[in-house]
Amino acid sequence: LSFLIFCRKSKGKPNGKKPAPEEKKLYLEPEYTKSRITDFEFKELVMLPREIDLNEWLASNTTTFFHHINLQYSTISEFCTGESCQTMAVCNTQYYWYDERGKKIKCTAPQYVDFVMSSVQKLVTDEDVFPTKYGKEFPNSFESLVKKICKYLFHVLAHIYSSHFKETLALELHGHLNTLYTHFILFIREFNLVDPKETTIMDDLTEVLCSSSSSSGSSSNGSGNGSSNSAGAQNHVKER
């Protein structure tokens, strides 16, 4: 009988102890999610203008997002250290970097962000990848490179929210962060630049921030999957 009691007691609770409660996500508090620096309709802003070439539009926006996300991270970079962020984590998801030889690298968050920003900087300033001169064509691999860049930039934004939102609040920059996140998510959705499975870790925030800025048809691209996908995302390790 005592054995049965022990088994019953332990079911779902290792060693009979209660599981640690999930940490409350400060960035989901209504008083903070409604903070923006503009009420502009971003859904209209991200749409491809008729007279603009698709690659030109992707290049222009990707470069702009890179600079803004880099700037946003710089505001909390002094708090993102090898000691405070020993892994590149978002909630319970850990990201790894892969070098040019395909070797998997477990690194701290500041190291990971440095890898991201350095590699993206190299790409957006390469005339063979992001051409700025008239008559120069985009490479055939351009769209796949943009998708890779956007995936990495999403990781950085998500890390700021999950690990450094308190510092962002203290600096009163949460309105800027929310605005940047909303604009970025609607952009990558508009052109299917990031797999929804990649962004599911932040579906709860996306649902709150983008629901009013996105048409009902767009929700199927990611935000509507929050409750069903978040549990699986908790134990999924993202890799490049």
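Heads up, residue numbers simply count up from 1 along the chain you see.
The backbone N, Cα and C atoms fix where each Cβ goes, glycine too.
Those TrEMBL annotations? Automatic predictions, nothing curated.
Annotated features, as they stand in TrEMBL:
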- CYS80, CYS85, HIS159, HIS164: Zn(2+) binding site (BINDING)
- 211-230: compositional bias 'Low complexity' (COMPBIAS)
- 211-240: region 'Disordered' (REGION)
Exercise. For Zn(2+), what surrounds CYS80, CYS85, HIS159, HIS164 with a Cβ no more than 8 Å from their Cβ centroid?
Worked result: ILE76, PHE79, SER84, ALA109, PRO110, VAL113, ILE160, SER162, SER163
Problem set entry | Sequence-distant neighbours of HIS159 (Zn(2+) binding site) in its chain (C-beta under 8 A, six or more apart) | CYS80, CYS85, MET88, ALA89, VAL90, ALA109, VAL113
For this session: For HIS164 (Zn(2+) binding site), just count the other CB atoms lying within 10 A of its CB, please.
Result: 22
